[in-house]
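Taken verbatim from TrEMBL:
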type	residues	note
DOMAIN	184-261	domain 'Glycosyltransferase 2-like'
DOMAIN	262-354	domain 'Glycosyltransferase 2-like'
TRANSMEM	7-30	transmembrane segment
TRANSMEM	50-76	transmembrane segment
TRANSMEM	301-326	transmembrane segment
TRANSMEM	332-352	transmembrane segment
TRANSMEM	364-384	transmembrane segment
């Protein structure tokens, strides 16, 4: 089956899921019994009705990113063929693969640096350097393609940046930086593994040279899956990469929402506590970006809407309960859009599994079990995201929690 056929089948499945959910939830009304006929202002009072309508309309904060996800998944081939080099890797400009770490997992860093270096060499890339910037020395082996930078404890940036951004800024200081203005930087986390496909994509991107930065897909069900629940929950993020984040760069060539890694392998958090801590950390970090006075409002508008749809998640998800207990009449368009938002988000878990898990590797039965499992994780994920929001808002804002990343460590516990 070629990539275009796969994409058409995926588009058809997405449309079917939306249509079925619209009918099931009442977004598309097919009989008179689907209409709510009560007067909420009399039934619940002015205060109660106003609160119910406000909760219902909070759902619309997610609409921009849902539309971007829908368009990204539909308009661009979701199953592209393997990347073919458009030029010789020998002609590519210098590439610095910069890994940022706190240094808590030195063995993991050493292993992944060697694996990534070999992947680059296997792809034919020659003009590159792997640079590891760390708070604690990891004592990497001396190699002409490897450079270790230890950030001094006393180092402070002019803007007071912390954690990863502090370490990355240190690399750019005049007395530390060894790169030229025309060189390229690929940012990785310590657990991220390059693939030959991603390296070929990077080479094509820098040879083309049309845009200053880019990103692609990260998948989490690679090699050995440590925690099936968190891996299935992360299937949503895979679809997010293929949907809104792909669309923003393909169409607008700007990080309208955000940007991150590119066609690489990572692991989902190994425990539910790490999963929760990770989400809390992301929320706090994005809020700092959105509230920063140094970033013009127009550059963070969509990101701001997106993060506040996350912040208000405990309120918007209460509609699941209140819609059944206290139904309110809404215009047909409002009901349709609310159902559309829910249907697209549900499908993103399904599609994330399709992109992450190989049918040939797992077999039909296990593959379908993964799809069903991803849908079943939605309630768990919603609960965790809600807890993360509350914890992120009331908890400590300046503590960087590092999740367990070394598989070998987790297997010995």
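Along the chain as shown, the residues are counted starting at 1.
Glycine residues also receive a Cβ, built from the backbone N, Cα and C atoms like all the rest.
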Distal contacts, the transmembrane segment (7-30) - CB-CB under 8 A, six or more residues away: 70, 73-74, 77-79, 332, 335-340, 342-344, 346-347, 350-351, 354
Tally of residues which DSSP labels helix, strand or coil - the domain 'Glycosyltransferase 2-like' (262-354): 68 helix, 2 strand, 23 coil
In contact by Cβ distance (the transmembrane segment (332-352), the transmembrane segment (50-76); 3 or more pairs under 8 Å): yes
Chain residues in Cβ proximity to the transmembrane segment (364-384) (below 8 Å; excluding those fewer than six residues from its ends, i.e. six or more beyond): 221, 228-229, 232-233, 235-236, 272, 275-276, 279, 313, 317, 346, 349-350, 352-354, 357-358
Model confidence over the domain 'Glycosyltransferase 2-like' (262-354) (mean pLDDT, whole number): 90
